[in-house]
């Protein structure tokens, strides 16, 4: 039995939390017998492309480039291992850097190249961070390739990575199950069949493979009481109805701007590093009902699992005499997940009687009761292997021989506050702890700290966009690179930033305000975008794609020279300055009334930014 969350671009803001709050959040997620006590951590293998709420940097932006310190997934895995050395680690790619496709938006035309890329990530995890990756996936919710999977297994074995197990295909039960049944070699190399949002059901062909079945992505639901109920229901019923022995939640922690897609769909909420505020939501304690009283290596007992008047139960043992039973009585109204659709059902209060058999009858069992959202231990009398419980609706109960669980607590975090209305960053940090600047959330492209050794002094430390070829995308990434920051509710703002176009030909950069879209919808972003180009022109557009031109003209801007852009947005009017002098004014804003600030580039190109300043009123 495993319980696990996804961590990818949704953990973006977590790294910027000040101590002690960052460590407290991590404790609630990973510390055994404290909070969620997670068994597995599944992370994105960054591929420079959009993966729902942002982009994550690749360890190989270019073919001759390797860097195993970009991004924050390495840090997150190490923090998880620090708290629980037994936690299992999964890596899965969403996107791939463009060079892997050799000019095509496809990772399988040259499977040897893709295998080299993935295996390098696994080896880098060990070499640079002493992290052992336990499982590796193929391509999140996209096609799989049998030749690639077989070559991946062969290469893993050849490089001494026999312990790394393969999960396929992180999509649906089919067609991977069918291919495994007709291809004995494929059947041999795939260890686990992983399906996404299975609705607690499996299919006959998946069962016929006799492989382990996992809900390798599930939940994805707003973390209120209904979300907690969704999580409670599927944790049990994925096994009861579908024989799935692991359920992996997307996502680990809602640590991204809430107005991005699927806001607050994490097990807990930590989206305000500037204030230190976080919230331990219901799904954390729902998770604890299972994870604090089972461990990897425990196995499910083959029982029916359905309660007579609705709800379900599962029973697990370590094979050494310990027993844990988890019961859920979630109603339809309080347990709907975001997907798939849930057919109505009825759950009623009931008295349930359980009969323990075999070795569990012959010994005294100190069975305790763990009540929903509280750790209230109650002795439960067992007579000759039989006991009864009165079960209410919308509750979770854990009955266990273990006495290790507790509801961990910390003092309340600081009060919630909006993003600072006056924010500056000069990027002047010689040895940054992470490759990204605080609070900037890349949506297409990758913006990294950069040391500009050729600069005479004013712009040695900058932020640089580094993706110069469109990645093999998972989502519909924009054709322009963009990183957002700030408060989605901002209306009147003044944004100033120094910009440096590196591309002599058709290079260009922008600053923007009232940006209204990101994540998988980034191509649809509207707002007010102030562009300057290497050919000496400028444009003001109402959209990221640059199609809605509100004003244009000559600016005199040149490539490889620093310039300062200023954008003023007030009410329905906008104006722009270049190097402190008015360049355009009286542009009317009609479509977006509020949104983030942003910086970006015309295309996938090198460009630098410095001395960013936003002031909202």
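Placed from the backbone N, Cα and C atoms, the Cβ positions cover glycine too.
TrEMBL has this to say about the protein:
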- 141: active site, proton donor/acceptor (ACT_SITE)
- 217: active site, nucleophile (ACT_SITE)
- 7-292: domain 'Glycosyl hydrolase family 59 catalytic' (DOMAIN)
- 300-405: domain 'Glycosyl hydrolase family 59 central' (DOMAIN)
- 442-616: domain 'Glycosyl hydrolase family 59 C-terminal lectin' (DOMAIN)
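Neighbour counts were taken at the CB atom with a 10 A radius for the active-site residues 141, 217; the maximum falls on 217.
The CA atom of residue 141 (active site, proton donor/acceptor) is located 10 Å away from the CA atom of residue 217 (active site, nucleophile).
For the domain 'Glycosyl hydrolase family 59 C-terminal lectin' (442-616), the model's pLDDT averages out at 97.
Helix, strand and coil counts from DSSP across the domain 'Glycosyl hydrolase family 59 central' (300-405) read 3 helix, 38 strand, 65 coil.
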